[in-house]
Amino acid sequence: MQTNIGLIGLAVMGKNLVLNMIDHGFSVSVYNRTPEKTRDFLKEYPNHRELVGFESLEDFVNSLERPRKIMLMIQAGKPVDQSIHALLPFLEPGDVIIDGGNSYFKDSERRCKELQEKGILFLGVGISGGEEGARHGPSIMPGGNPEAWPLVAPIFQSIAAKVQGRPCCSWVGTGGAGHYVKAVHNGIEYGDIQLICEAYGILRDFLKLSATAVATILKEWNTLELESYLIRIASEVLALKDPEGIPVIDTILDVVGQKGTGKWTAIDALNSGVPLSLIIGAVLARFLSSWKEIREQAARNYPGTPLIFEMPHDPSVFIQDVFHALYASKIISYAQGFMLLGEASKEYNWGLDLGEIALMWRGGCIIQSAFLDVIHKGFAANPENTSLIFQEYFRGALRHAEMGWRRTVVTAIGAGLPIPCLAAAITFYDGYRTASSSMSLAQGLRDYFGAHTYERNDRPRGEFYHTDWVHTKTTERVK
């Protein structure tokens, strides 16, 4: 039997994708670098006739129908290049290699070009949803060689999550576009998680609410505008107690791991000149969390903060303020993420459909939320507008939330609570809507010490001037 698709890499994600494909009627050949994993997987599912395992890479490739479609679910970086190199002797022009791991988008750009020269079609595919999503329907973000997309679309769109009958999978763009969109997804995920943590910290440390009480609040919020996968599971995490009745959250060390995709998003934003302040703040917050011993030492040296504000007489009013702060900050986080996608689309000539990306994230992935429907509708109504902040719905939402948002941020800072992303969000909002900022002084200083010149606000853009700040005190146009 020749199978529909082959998959290399039988870790959790790879195995669950295979089972998902089989559930949807596709036959799958599997291979793993360590043959024991292949044998164990086949023993675990002995009745799946559509599942065939191989210990020889050549036999694995020869088992596939032409054009061959081979999906790599392995560690990003050198292992991907090594696997591609090992496969090439057995492939023919028109065969497809699919990298479904968390690869850096520029690596995917390079691989796409290198393999095209050899006649092999390459796809760099972002997959979100974790173990559960891979098994029952992930969000899939395919990019790479467009000739390969029609060959794999029936498989990917069958196994992807569905929302209102639409698969959370559609063509993203050429080269590294798929992996880039996945990286931005992960950056937004970092921001979402950090914002939820900061809201939890305020409710816990300022209002002195228990984990169980906060879980109840989040469960209610999940029925409102904040409805999302992350709010739902945050409520579940906070609610769970161990056999002794202690909330499990109270036993978890406050040190957060990361795999690097959030950092990639932050670095690319810096390289592209996009003010991704909230997501960068979320990445830095994870770095700071890893300094556990230093934080403990600092806590001993700088104990307590005198409260500037008294506890509210009606906590429910302040809880509503925190809700507004979280929702408004979430809008800013997504606005920044989509701004980055818009800039990358222009820079790399990808032609990204931002509304379609919002739909792809609507189900199956970690940041899935009802919120994304609104984003999709906004981009569908005005595709040229890449800023959520200018969309009518979000303009109204930000104005409605603003006072509670400000009260929350001021109260938290006054109480000495760390809120890097809530603060970054409102600072961005204020900076974004400031027509005449204080940054004129920064450019004046640059001209003073480095003769970097400046534009004048009473002259056309593109004219540059320099002032002799020390000697003649005169100004001249230099270009």
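Cβ atoms are placed via backbone N, Cα and C, with glycine included.
Residues or ranges marked as NADP(+) binding site by Swiss-Prot: G9, L10, A11, V12, M13, G14, N32, R33, T34, I74, Q75, A76, N102. What Swiss-Prot records for N102, S128, G129, G130, H185, N186, Y190, K259, R286, R446, H452 is substrate binding site. Feature annotation from Swiss-Prot assigns active site, proton acceptor to K182; the stated evidence is similarity to another entry. As annotated by Swiss-Prot, active site, proton donor applies to E189.
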Completion exercise
With neighbours defined as other CB atoms within 10 A, the best-packed of the binding-site residues N32, T34, Q75, N102 is N32
Completion exercise
If we take the residues N102, S128, G129, G130, H185, N186, Y190, K259, R286, R446, H452 that the record assigns to substrate, their largest CA-CA distance in Å comes out at 49
Handout entry: Tertiary neighbours of Y190 (substrate binding site) (same chain, Cβ under 8 Å, six or more apart)
Key = Q258, G262, T265, I279, A282, V283, R286
Exercise for the section: Specify the nearest of the binding-site residues M13, N32, T34 to H185 (substrate binding site), where nearness means the distance between Cα atoms. Expected result: M13
Handout entry: Proximal residue to G9 (NADP(+) binding site) among recorded positions G129, K182, E189, H452 (C-alpha distance)
Key = G129
Problem - Which of K182, R286, the listed recorded positions, has fewest other Cβ atoms within 10 Å - result: R286
Practice task
Sort out for me which one of H185, H452 has the most neighbouring CB atoms within 10 A, since those are the binding-site residues we care about.
Solution key: H185
Handout entry: Of the binding-site residues listed as A11, Q75, G129, the one whose CA lies nearest the CA of K182 (active site, proton acceptor)
Key = G129
